[in-house]
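Right, one structure below, let's go through it.
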Amino acid sequence: MAQKENAYPWPYGSKTSQSGLNTLSQRVLRKEPATTSALALVNRFNSQSTAAPGQKLAENKSQGSTASQGSQNKQPFTIDNFEIGRPLGKGKFGNVYLAREKKSRFIVALKILFKSQIEKEGVEHQLRREIEIQAHLKHPNILQLYNYFYDQQRIYLILEYAPRGELYKELQKSRTFDEQRTATIMEELSDALTYCHKKKVIHRDIKPENLLLGLQGELKIADFGWSVHAPSLRRKTMCGTLDYLPPEMIEGRMHNEMVDLWCIGVLCYELMVGNPPFESPSHSETYRRIVKVDLKFPSSVPSGAQDLISKLLKHNPWQRLPLAEVAAHPWVRANSRRVLPPSAL
């Protein structure tokens, strides 16, 4: 059944491109992942013929004999292609497992989403949009989506595995980070978000729970609408993460990529202090403090970090420090110990 299901381009709606990352341009698909095994995961669908919704691939033979031969050699993934390991986390729409692709022995995080839950919440189009956004992104500090497939009941996302898990869990253990670690994270974030913004992608939800750690401790931005590891239930409201909301969103004004600048300012404060800057006993008080930018620093926060945070947490989005200047900030330059992972060298 899984093979037959995968003959269709997308389990919802009238999407006309074929399943997997075949929805992306060849230029994007040919960007080299970290390993040959990762490249194989990304390119699994490259030689398939295009099928319209409801068409079986076998019925679409107008692409020529070369493409047809390639299709026979590169079948869509099914769950049988993977060995499933321990659970990495649970989310509203499904679970995440450590997994290994049998042929290549390549380790991944396999996100399994239940169609029934997605349909119940009416978020089919959001899921499709978020998959396409993350699939286009290739940066050493962004968790990579290698591919996806589906069967009758589930949708599977094949994701890069981040061995050291959530940044949030490490922050819980240590309560605060030192200047070196915080500055390193700020440099990694500014670089990754600069890349995103150039591609017209706004994350909107930068927070410790959505930041993962690679083998060398390098930052990996995750959750472009869908968590990869176990999501936390803290700081949730129906309009997003309360403590990280910028003034323009609270006030119902139009927002743009400048919201990410506000978020990394809040994050920098939380990493240094142990709690968000506008955290209050009630939602209404938190809203009030955000709108007024009621920012107070404990004496433990060094002056350089205070300067950076103050320049990011501006009520007027256009007055916030640009990402290029975040990476070049004297405090970041003096303290960052950023080490690029092998895939970036």
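A Cβ is built for glycine as well, from the same backbone N, Cα and C atoms used for every other residue.
Some features that Swiss-Prot has for this protein:
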type	residues	note
REGION	1-25	region 'Disordered'
COMPBIAS	14-25	compositional bias 'Polar residues'
MOD_RES	THR35	phosphothreonine
REGION	50-77	region 'Disordered'
COMPBIAS	60-77	compositional bias 'Polar residues'
MOD_RES	SER62	phosphoserine
DOMAIN	82-332	domain 'Protein kinase'
BINDING	LEU88, GLY89, LYS90, GLY91, LYS92, PHE93, GLY94, ASN95, VAL96, LYS111	ATP binding site
ACT_SITE	ASP205	active site, proton acceptor
MOD_RES	LYS220	N6-acetyllysine
MOD_RES	SER232	phosphoserine
MOD_RES	THR237	phosphothreonine
Widest Cα span across the ATP binders LEU88, GLY89, LYS90, GLY91, LYS92, PHE93, GLY94, ASN95, VAL96, LYS111, in Å?
14
LEU88 (ATP binding site), number of other Cβ atoms within 10 Å:
21
For GLY94 (ATP binding site), name the DSSP secondary structure in the helix/strand/coil scheme.
strand
Quick one: average pLDDT across the domain 'Protein kinase' (82-332), no decimals.
90
Nearest-integer angstrom distance between the alpha carbons (Cα) of GLY94 (ATP binding site) and ASP205 (active site, proton acceptor):
20
